[in-house]
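Enquirer: The following block contains the structure, expressed as structure tokens.
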Amino acid sequence: MKIGIIGAMEEEVTLLRDKIENRQTCTMGGVEIYTGQLNGTEVALLKSGIGKVAAAMGATLLIDHFKPDVIINTGSAGGLAPTLKVGDIVVSDEARYHDADVTAFGYEYGQLPGCPAGFKADDKLIAAAEACIAEHNLNAVRGLIVSGDAFINGSVSLAKIRHNFPQAIAVEMEATAIAHVCHNFKVPFVVVRAISDVADQQSHISFDEFLAVAAKQSSLMVETLVQKLAHG
């Protein structure tokens, strides 16, 4: 099995990259992909850059050139579910765009023409992720993760997301674009991220302060998940 892993930022990939054995680096289209073995399992780790376009381009390159069997999206996210705090884990059962609006033509808010309203994560990957969470006794929430090209740091933008997606558990900037690409290429995916901030007017301060905490927790989860997927 070959597992694709995608993180947007240096801080979100560095702990995993440092553990890859026989590591090789491939740079293409402005993104970096690190290949090798993570605890004996073949992995391809992509540092995509921030935002939907970067994430979609990177995911496409990863799938086209390295042919992963599954893709895990890792990193940080802003918490929307009331029970979440910094360092907690979110697992996607679905991903949607929070900044797409073609409702004038009869589509659901967040839905793009020719696409489903949401992109469903793989049930087996969700179950494996939740088993890993239980092993580490971490607080976690499974549900809808929404994505857009904005860092949510104000009451107006937050209220809009909560109005349009009251069931959303977390918000970030890449997951749905990755899910969209995986859907088109028929590659199973799951999003496993750690909370770096609660999406409010102080979220930029929390993000800077707690990104390292989120990166450590999400990397731990991904490493455990890779082992579980490879060895059961």
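Glycine too: its Cβ is placed from the backbone N, Cα and C atoms.
Features from Swiss-Prot:
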ACT_SITE  Glu12  active site, proton acceptor
ACT_SITE  Asp197  active site, proton donor
BINDING   Gly78, Ile152, Met173, Glu174  substrate binding site
Enquirer: Going by a 10 angstroms cut-off between Cβ atoms, which of the recorded positions Glu12, Glu174, Asp197 has the sparsest surroundings?
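Expert: Result for the recorded positions Glu12, Glu174, Asp197: minimum number of other Cβ atoms within 10 Å at Asp197.
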Enquirer: Using DSSP and collapsing to three states, where does the residue listed as 'active site, proton acceptor' fall: helix, strand or coil?
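Expert: DSSP assigns the residue listed as 'active site, proton acceptor' to helix.
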Enquirer: Show, in sequence order, which residues other than Gly78, Ile152, Met173, Glu174 on the same chain lie with their Cβ within 8 Å of the centre of the Cβ atoms of the substrate site.
Expert: Ala77, Ser147, Gly148, Ala150, Phe151, Val171, Glu172
Enquirer: Specify the nearest of the recorded positions Glu12, Ile152, Met173, Glu174 to Asp197 (active site, proton donor), where nearness means the distance between Cα atoms.
Expert: Ile152
Enquirer: Please report the DSSP secondary structure of Gly78 (substrate binding site), reduced to three states.
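Expert: SS state of Gly78 (substrate binding site) = strand.
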Enquirer: How many Å separate the Cα atoms of Glu12 (active site, proton acceptor) and Ile152 (substrate binding site)?
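Expert: One finds 19 Å between the Cα atoms of these residues.
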Enquirer: To see if you understand the setup: which same-chain residues, six or more apart in sequence, place their Cβ under 8 Å from that of Met173 (substrate binding site)?
Expert: Ala8, Ile50, Gly51, Lys52, Ala55, Ser147, Gly148, Asp149, Ala150, Phe151
